[in-house]
Structure formats: C-alpha cells, structure tokens
Amino acid sequence: MNAPDTLTGLEANAPVTEEAPAASEAERKRAHTRREQKEQYENNKLFKRLARQVGQAIGDFNMIEDGDKVMVCLSGGKDSYAMLDVLMRLRERAPIHFDIVAVNLDQKQPGFPEHVLPEYLSKLDIPYHIENQDTYSIVKRLVPEGKTTCSLCSRLRRGILYRVAGELGATKIALGHHRDDILQTLLLNLFYGGKLKGMPPKLQSDDGKNVVIRPLAYVKETDLEKYAELRQFPIIPCNLCGSQPNLKRAEMKALIREWDKRFPGRVDNMFNALSNVVPSHLMDHKLFPFASLRATGEADPHGDIAFDEEPCSADSASNQTQRPSQTVSFVQFDDI
C-alpha cells in the first residue's frame, strides 16, 4: 500500500535530480568567473606596482628628462623585457617627451635564436637595432676552459653598447638591474671586496660620454618573474655561452631570498639603508673629516651622539620597512 506512494514520491522528485547537474554547472561557471576576476585584479595590481616603482625611481634620480633618447638594452631575459614594457606604457602618460630605441647585442653565442627579438620588437612597432659582434669567440679564446667568462664578457659588452649609444644619438642607456641585483652587489662587495659599495641607480659611464640608468632599481625580482609569466615574454636562456655560473652571486641571491622568507622586513631595511647613509658613523676619512673634528662647545640638536639607540627592536624595525612617501612628478598613475 505504501509502495505506490513511495514510488510516486520518487517520480515527483525526479525532475529535481535532473536539474542538479545544471545547477552544479552554473556554480562552477560562477566560481571560474570569480577566479578570473581575482586573477585580473592581482595582475592589474602587479602592473600598477611596477609602474609606480619605476616611475618613483625615475623621479627620485631624475633618470629621464624631456627630449631624452633612451637606449633600452634588451638581452632577451625577463628583466629587460619588463623594463621595456613598463617604460613604453609609462611614456604614454608621462608629462615629458622622450624617445625609446631598443638595442640587442648578438654576441654569436651557439644556439642563440636570432629571430626572436626582431620578431618581438617588430610587433611593438618601436625603433630597434641589433648589433652583431662575435665576442663569444674572443672570450672563449682568452678565458681558460671551465672558468667563468662573465667578467670579460661584461667588459666587452659594455664597450660595444657605449659605442652604439653614441652612433644612435642616445642620451641615456637603460639597464635592467633590479633591487635584488643591487643588494647582491652590496653583499658581494662587503663579504668579498671589503667595500661598502652597491650598484648605483644612475651613473656617468667610465668613458665620460654616457649616462647609465637603472629604472628597475626599486623593483623586486619576484615581481619581475610574475610579470614575465603574465606577459608571456619570449625568454631567451642566459646560459647559451656555457660559462660556469657565478657561484658567489648565486650564494648572495639565495641568502637574500632566505632572509626575505624567514625575517620579514630585513631585506627592505637593507635596501632602505642604501639611501640613509651616515658618513660620520662609518670609518672612511674621505667621507667625513674625523682628523679635524673639534668640540665647539655649542649644542647641536641634529648632531651626532656617542651611543645610538639600538636599531634592532621590533618597533624600530617595523618603522623602517617602508620608504617614506614621496611625490612622483614623472607620471601620474591614477588612470593606469
């Protein structure tokens, strides 16, 4: 007696069972849309951060001026691709006019894909120049097998790029070194060179004829890795020359990554220290006249004290992790 009623109840509920997959599919679509929206939001945030940091560096150090012709050195790696990409997009909103010319030095390394950069740059519709110079053969002839060739290769490359800049009429040479490169160089000089010396954001070249700028000076390498993946740059491997890796620099890179992971704020403080130097509390008499220092008998509220407050408390560290806010005159970012 109850069986038909039970059957009828199941039949009545059957349409609901058939609609369940449709409801589930709709939910999956909504979840997919939410993921896409979140991903798009994060991507936009990443670009805005890169644009803000590059614009800040340009403004802080007056890297690019009205009428400049900026020679962007493009190696085919993630850093130089990102530098070119961000500079091109900033130029659209910059309050000044400047030109960009992309330059690649083809050093005739075995396996170098010569077609990649010309094809990529042609699509961007910007002026570019490929300089063909067989420095690879020179380096292989002069450096013993198994030794790193980076130092000699870098010197040869630098001289060629300086010459090309003059031939193209470039007023600035832009290199793709980022914040991590600067910190690695600082530690290398400190640990192995006995010098407090980093990598300047702007410098006059040793030939006195060129100004070199590093627009990525404030940018973290991890952000450049994410941006390169997002933009799907056609990356060219950097180990085609077969040189032994620079093990000391790799060691510094690993050290910085480990500190950043284990001790939040430490790497930020290290970087901030590069722009907060107190020569009177170091020991370089070329920077501060220790020999002629005398007591004046007058108090100076801004003068030195014999014993500084310990800078390693939690409050002190947290207060130093962020750079002070500064006005960026180079470009407005609100509409990016």
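Every residue, even glycine, has its Cβ placed from backbone N, Cα and C.
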State the residue range annotated as motif 'PP-loop motif' by Swiss-Prot; the candidates are 33-38, 75-80.
75-80
Within 10 Å, the Cβ with the most other Cβ atoms among the binding-site residues C150, C153 is that of C153
Based on DSSP, tally up the residues of the motif 'PP-loop motif' (75-80) by helix, strand and coil.
3 helix, 0 strand, 3 coil
Between 0 and 100, where does the mean pLDDT of the motif 'PP-loop motif' (75-80) sit?
95
